[in-house]
């Protein structure tokens, strides 16, 4: 019988991604929303701290092992912004948040020339065996690129249509989902997690 593990998200895409990796290690992933667990306030100052807060809260409320990720876009010319606030950069929630976040990013970078628009997507995954686990498994991944001047591509979400990856010569939004999953920050963090679980 597989050991249940709570994923601190309601995002079905993340549940599928994590399930694919963790199934090989005897885990059955359950979304926290399926257990009526709310998300805690993200008060950390780093991606690691926020992922740890979310995993610890899910483990505490469920009594099960837990896993969480925190991720975002880090733009050098903006001193790391949007960073921890990537999902709410424009200060709004809801269906229009992604579009508003992209508009704000373009406004904030309006005077920044080519060659100074370096950015990276960062993902940090934390896994706890129980609420008071003193040695959580931490896996980080990143994808380096730059922010272009106008949106390009129809796939993806968030900042994908503005994030140009030199590795593929296009934006994340121009990649097919299968291709993006191979090189994304989350895919790289999951690869690190997999290697740590297999160790």
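Cβ atoms are placed via backbone N, Cα and C, with glycine included.
Feature annotations, reproduced from Swiss-Prot:
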BINDING   9, 10, 11, 12, 13, 14, 71, 157, 158, 159, 160, 180, 185, 186  substrate binding site
BINDING   41, 70  Mg(2+) binding site
ACT_SITE  70  active site, proton acceptor
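Local packing around the binding-site residues 9, 11, 71 was summarised as the count of other Cβ atoms within 10 Å of each Cβ; on this measure the leading residue is 71.
Here substrate is bound by 9, 10, 11, 12, 13, 14, 71, 157, 158, 159, 160, 180, 185, 186 per the record. The longest Cα to Cα distance in that group is 21 Å.
In terms of local Cβ density within 10 Å, 158 ranks first among the binding-site residues 13, 158. In this structure the C-alpha atoms belonging to residue 41 (Mg(2+) binding site) and residue 9 (substrate binding site) are separated by 13 Å. Here residue 70 (Mg(2+) binding site) is positioned 14 angstrom away from residue 13 (substrate binding site), judged by their C-alpha atoms. All protein chains shown were included, and the count of other CB atoms within 10 Å of the CB of residue 70 (Mg(2+) binding site) stands at 25. Counting every protein chain shown, the Cβ of residue 185 (substrate binding site) has 21 other Cβ atoms within 10 Å.
Counting other Cβ atoms within 10 Å of each Cβ, the lowest count among the binding-site residues 41, 160 belongs to 41. Within 10 Å of residue 70 (Mg(2+) binding site), as judged by C-alpha distances, no binding-site residues are found among 11, 158, 160, 185. When secondary structure is read from DSSP and collapsed to three states, residue 160 (substrate binding site) falls in the coil class. When secondary structure is read from DSSP and collapsed to three states, residue 9 (substrate binding site) falls in the coil class. In the three-state DSSP reading, residue 71 (substrate binding site) counts as strand.
In the three-state DSSP assignment, the secondary structure recorded for residue 41 (Mg(2+) binding site) is coil.
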